[in-house]
Amino acid sequence: MYFTSSLALLAGALLAADAAAAPSASAPVGDRRSPGMVHMGLRQVPPSNEHPLIRMQQHINRGSRRLAHMTRRTPPSDEELRERLQRRVDTIPTSMLARRYSPEELETRFNRHGYKRGEEDKREYTYTVIGKRGDASSRPHPSLEFRGLDPEEPERRFPPQSIEARKNRVGYAGRKQGRDIEARHRGNKNKQDPNCDNTGAAAGAASSGAAGASASGAAAGAASGNATATASAAAGSASGAADGGQQVDGVTKANTPTTDNTLGLDIEGNDTGYLSTIQMGTPPTDFEILMDSGSADLWVGSTQCQSATSGGDCGKHQFLGSDTSSSFQATKTPFQVTYGTGAVAGAIVQDNIAMGGLNLDAHTFGVATQETDDFADDSVPFDGLMGLAQSTLSNQGVPTPPEALASAGLIQDAIVSYKIPRLADGLNDGQVTFGGLDDTKFDATTLTTVDNVSPDGFWEADLDGATMDGTDLGFKGRTAILDTGTTLMIVPDDDALAIHQQIDGAAQDQVNGFLVPCNTAQTLSLAFGGTSFDIDSRDLAFADLGDGSGMCVSGIQAGTVGGANEWLVGDTFLKNAYFSTDVTKNQLSLAKLV
């Protein structure tokens, strides 16, 4: 499918990536910090050059489609998502875009021809102040009188390395010719592996209607709201070993863990996604893997991988096949996975994998012979994805790695626990733990365990309620799907409005996007199992508009898919709690961080 509207011209930049009670006796504690527990660190990637309002719509689109899949509702079509993005683009004055894009990019990507800086633009980005101290009047963006950020304010809000990451805008991501960026090209994509012939299933991925499965895959990714746009064209797999806080090939590295069987969890983008390095094959080779609690399949690219979008190769990533691993065992069994954005298809295989020093020999998973550009593009900083929901969701029909580790007796229980890092903290302390909870990361007196209420294998809990600075917002009967693979929180329209009406100076724009003052100090709290968890005000202010207005894209947005009571709760919240899931007990736990 080709797009001839100006939306298609966004192709280069919109690519991936795609959640005080006493301690409960039933908490999935496992054997904390024991040899039967694996810790894997999480890492982060600097922000893309994309305009914050466009990134906001990407996240809304992606979250809406993801929530629809999770709740068994009909997801919005690619055309609907493209129309939403087009409406968003149409609201942005050229003068705002010109602060971020070159004249050439304005013409080729946005169809804004002949614009000169300083010229007037008939477009007006307006929004209505809905916060409790606002006057509920519509205001054009250029004449805002909100409390703006002092020039020194960013240095007060963010540590120096975070500021540097936010300024590290090295051009838009995408299939751009003439890049001056190098990356290691691991794996031989040109050598065909006869044992992994699955072109039929791969073709299915290309025609399944998945976002990104078109001749203009980046544009399709844009329409679907890909939440893992990056500025670097280098492969994440080339990141190798680095000290915590270093940015290597667009990934902010985690500190080297001090606990046995522990790996750091790196940060993708501006708290966009979280990656771990695992080893696959013989000899063991490092693969950068996106860790996703909202899906249940493990896959990496095959050495014969091709882009289902363009027909080219699958970018500068690490690949796996019989020519790279002597322990690789192929099958003819096909698999296919469609995500909120993008799709992959390929064959089921067996090979050795290692996570934090524990080895799974002949583990069953997938290698992708075709990927949409949401995964295949050079700008994507990971080589594959590990789904950490319950295996009842698996398209491959196989156990997830933690389930396989537990079955093999390598960990005590099929438990996965997350300490999600925040780029602005500069601590680089993220990790994912298999087999138990790391009690050095949380306050044990706040640990609360609740039943998983999802019938489908996602991690979903009853939400007791929500407060803003201690004021009850009146939410009853809500449930929350906790998903590390979703960047923002996506909530029903009425709930999003009610939340932002309690934030001083919050606003709603003409296409239903929510903004908050970047220097908001208010606290939204969510309660689960009788314990209330505060969301840091920095997470409410997700991305600065960058125009001196002092307004930021909100970390909470309205979704148009799902029921009136279903919330998709991503990293906006999860950065503020220790989060653990237990497959055997079908429970999840939360605790306050230390």
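Note that Cβ sites are derived from N, Cα and C of the backbone, with glycine treated the same way.
Features of the protein shown, as given by TrEMBL:
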ACT_SITE  ASP292  active site
ACT_SITE  ASP483  active site
COMPBIAS  132-158  compositional bias 'Basic and acidic residues'
COMPBIAS  177-194  compositional bias 'Basic and acidic residues'
COMPBIAS  253-262  compositional bias 'Polar residues'
DISULFID  CYS305-CYS314  disulfide bond
DOMAIN    274-591  domain 'Peptidase A1'
REGION    130-213  region 'Disordered'
REGION    237-267  region 'Disordered'
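Comparing the Cα of ASP483 (active site) with the Cα of every entry in ASP292, CYS305, CYS314, these being the recorded positions, the smallest distance points to ASP292.
DSSP assigns ASP483 (active site) to coil, not to a helix or a strand. In the shown protein chains, 30 other C-beta atoms lie within 10 A of the C-beta of ASP483 (active site). A mean pLDDT of 95 is what the model gives for the domain 'Peptidase A1' (274-591).
ASP292 (active site) sits 22 Å from CYS305 (disulfide bond), counting Cα to Cα. Packing around CYS305 (disulfide bond) is summarised by its Cβ count: 28 other Cβ atoms lie within 10 angstroms of its Cβ, all protein chains included.
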